[in-house]
Amino acid sequence: SRCTHLENRDFVTGTQGTTRVTLVLELGGCVTITAEGKPSVDVWLDAIYQESPAKTREYCLHAKLSETKVAARCPTMGPAALAEERQIGTVCKRDQSDRGWGNHCGLFGKGSIVACVKAACEAKKKATGYVYDANKIVYTVKVEPHTGDYVAANETHKGRKTATFTVSSEKTILTLGEYGDVSLLCRVASGVDLAQTIILELDKTAEHLPTAWQVHRDWFNDLALPWKHEGNPHWNNVERLVEFGAPHAVKMDVYNLGDQTGVLLKALAGVPVAHIEGNKYHLKSGHVTCEVGLEKLKMKGLTYTMCDKSKFAWKRTPTDSGHDTVVMEVTFSGSKPCRIPVRAVAHGSPDVNVAMLITPNPTIENDGGGFIEMQLPPGDNIIYVGELSHQWFQTGSSIGRVFQTTRKGIERLTVIGEHAWDFGSAGGFFSSIGKAVHTVLGGAFNSIFGGVGFLPKLLMGVALAWLGLNTRNPTMSMSFLLTGGLVLAMTLGVGA
């Protein structure tokens, strides 16, 4: 699965009868949804971008100077003048120079002098700013079912589907082939202040240099460089790249301050680099909160017969995935398609299956299958696939796993924020409380009661509530009632 290859992975486990789960997706992360009686699904935020954003200012990094002219007057002869002074795109400077008999003046003193130079911008020496429009930013969400096929990190799963969202998008339904349909309703949120963000892009001149950065609007507008708006042929403040020398009689030198690319690159050190792909300008941060509908998902292969246990061989022996799960792959030499008999037992309990399958109902197909992912309790375990067996020690502790999943649940609820609550009606408010409980405690509940059936969990919740009602000690009564209520809420809830 896609999530197996990513470091930032989260699990959301639906309770009995789950039809909807709420996910928080961020760039670089991936969420695996597991629910009883449903295929597992990976969901991730693949990209945030805008196509062809609007240009704001263009800056010139290297001036192109031509047609230098100088005019001078003797003392008392009035100001020197050039017609170029009134022309757009020309830089001029007035000054006073020493005049006398040696440079063709009858009087000694200060005479007027003016120098002008035509200024443009060198080719491929511009820095352009682009602004985002929040209404046009596209959020790409991808969905991939766990099919039992091993897919390398650099390969694309044939069952992968894509949904795109903007601020005005409605619910999207994706068809996952034999696994049914999944619906997505996502609320989008950028991770940056778009009103204060500019993408600064340089003309491409060197392959080893980055070409775009994500900068603050005020910093961009304060750049001391010649600038213009798109479509305007003339540059403003072009004198910032031109220097005039000291006047000498009838001569005034004009200097080009040179290429400012190096100065700009030095100023951009440490600034986030922006990614541009064709006409797509990508944002580096942001998230979407998605409500995923699972009601039309269906398990594949439930009617298959069980595979012959003696005809399996390891293709990839069990390996730690890095996400507190174990992954493996087997080959099968018997009749296909069929269901893979897989289980795991803990040390000292040979009759209890402790494996929680992330790949539900693993199968061998005519053209693939055999990849299995499972979660095991900490400690010594034995994994069985048919007649194959493998000793496995799962690191960590049950308590640590509970705290970790609870922490992630709190993070998810924090990111969802105000959208997690509905104060419009009493029913909506209590539904919001239930959803919040599932979001925060769903992972911990599954870690503790993952191998317990629906009826035992229901009876346990009722028993704890009954004890709470019949206990005289107020503290113990409240503790039993609270614990029993949580167990019943997590067991009977239909949302996560």
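Every residue gets a Cβ built from N, Cα and C, even glycine.
As annotated by Swiss-Prot, N-linked glycosylation site applies to Asn154, with the evidence given as sequence analysis. Cβ contacts within 10 Å of Asn154 (N-linked glycosylation site), excluding its own Cβ and spanning all protein chains shown: 6.
Per Swiss-Prot, the feature region 'Fusion peptide' maps to 98-111. Proximity of distant same-chain residues to the region 'Fusion peptide' (98-111), defined by a Cβ-Cβ separation under 8 Å and at least 6 residues beyond the stretch ends, is recorded for 72-77, 80, 248-250.
The annotation topological domain 'Extracellular' is assigned in Swiss-Prot to 1-447 on the grounds of sequence analysis.
Annotated topological domain 'Cytoplasmic' per Swiss-Prot: 469-479, in sequence order, evidence recorded as sequence analysis.
Per Swiss-Prot, transmembrane segment is recorded for 448-468 (among others).
The transmembrane segment feature in Swiss-Prot is assigned to 480-496 (among others); the stated evidence is sequence analysis.
Each residue in the topological domain 'Cytoplasmic' (469-479) gets a DSSP state, and the totals come to 8 helix, 0 strand, 3 coil. In this model, the topological domain 'Extracellular' (1-447) carries an average pLDDT of 83. Each residue in the region 'Fusion peptide' (98-111) gets a DSSP state, and the totals come to 3 helix, 5 strand, 6 coil.
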